[in-house]
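For reference, TrEMBL has these:
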type	residues	note
ACT_SITE	SER241	active site, nucleophile
ACT_SITE	HIS301	active site
DOMAIN	14-49	domain 'EF-hand'
DOMAIN	52-87	domain 'EF-hand'
TRANSMEM	123-141	transmembrane segment
TRANSMEM	210-231	transmembrane segment
TRANSMEM	237-257	transmembrane segment
TRANSMEM	269-290	transmembrane segment
TRANSMEM	296-316	transmembrane segment
TRANSMEM	328-349	transmembrane segment
Amino acid sequence: MSGERGAHGYQIANGYHSWFSIFQMFDTNYDGYIATHDLKRFVRNSAASFGLSRQEAEALLENIDKNSDHLVDFAEFCTLMSRAKKLHMRHVLFRAAQMVLPRSNRTVPFSYLQQYNCFPPPFFMICISILEIAIYVYYVMQLRSGIELYGPVPQKSFLIFNPHRTSEVWRYFTYMFIHIGSGDFRITHLSFNVLTQIILGIPLELVHKFWRIALVYLSGVLAGSLLDYVIDPRTYLAGASGGVYALLAAHIAELLINWSEMEFAVWRALALAVLISSDVSLVIYHRYYLDVTDKVSHVSHLAGFVAGVLMGTVVLRNFRKKKWERVVWWIAFAVTGLSFTTLILLNIIPHI
């Protein structure tokens, strides 16, 4: 291991010098050790100053003196610092949890997050957003239209939902990666979706784990393409709005159910109302008032929203279960299964 030799003979790896400096501050005898009781007393007395609860302070100190010699050497001190670093990351998770959980629901998930080790990280929303931006740039360069507000839809793309090629079932999902359109909808569409995924999707993913958010998001995408084909079977479909509106629906449902306990409930509701109304207004304007060939589907937005409410009820973590919520869960489960089965059949029957 590369590094330097400390004053007491410790091999200090690059990047640990700041920890060794702190260690030396406690090593008042300059013998390479800190008295265990002195270190524990300092951590306990200073816990509140660092925003730590008593339980968190005790968790930091657990088994800190592994060899029971009542002395803490630098290696054991590094263990303490590593725990503190991980605890700092958990505080980031707690802040994220505060965005999506009411006050009365925080005890259980916060205890759960104490055991959360940030692995895997909230990669689903991040990866989806990066892919959407990358594919947008790819088609902009391929069509040589530049990053402008005007440009054609890549109808020949193997990703876009093509109503004439419904046998290629992947298109029911992959259309979410295409964000090229005409008019002022082109960049706005992508920006709205990516920002919503980052601002709302990542906190939800931190609390509920990636696979639950993936199910909610992808159910909105699938519902959007299935219903759009049933209602408007000649329309190409592009954009991740179905999945984004599923995330919005899940967040709104949580906000409304726990209105009295959510922090800044009114401001959150106003922010969501402005966000959704702005996007819906733009969709309606683009669909009905602009003379363009690539009309924007509003059906996918509605389908994604409904799918988000239903699938969110079914798969998102319920930290405080009540009897009536169990009934709602079964209703949502039945309606979700029936709705998707019906839509899939309506997509298949015309081709039989």
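Cβ coordinates come from backbone N, Cα and C, glycine included.
Keep in mind that what you see is a predicted model, and the values were worked out from it rather than measured.
Comparing 123-141, 237-257, 296-316, 328-349 for CB pairs under 8 angstroms to the transmembrane segment (210-231), the maximum falls on 296-316. Regional average pLDDT for the domain 'EF-hand' (52-87) in the model is 73. Of the ranges 123-141, 237-257, 328-349, the one with the most Cβ pairs under 8 Å to the transmembrane segment (296-316) is 237-257. The Cβ neighbour count for SER241 (active site, nucleophile), using a 10 Å radius and every protein chain shown, is 31. Proximity of distant same-chain residues to the transmembrane segment (123-141), defined by a Cβ-Cβ separation under 8 Å and at least 6 residues beyond the stretch ends, is recorded for 147, 151, 154, 157, 159, 176-180, 190, 193-194, 197-198, 201-202, 205, 210, 213-214, 217, 240, 243. A straight line from the CA of HIS301 (active site) to the CA of SER241 (active site, nucleophile) spans 6 Å. Using a 10 Å radius centred on the Cβ of the residue listed as 'active site' and all shown protein chains, the other Cβ atoms total 23.
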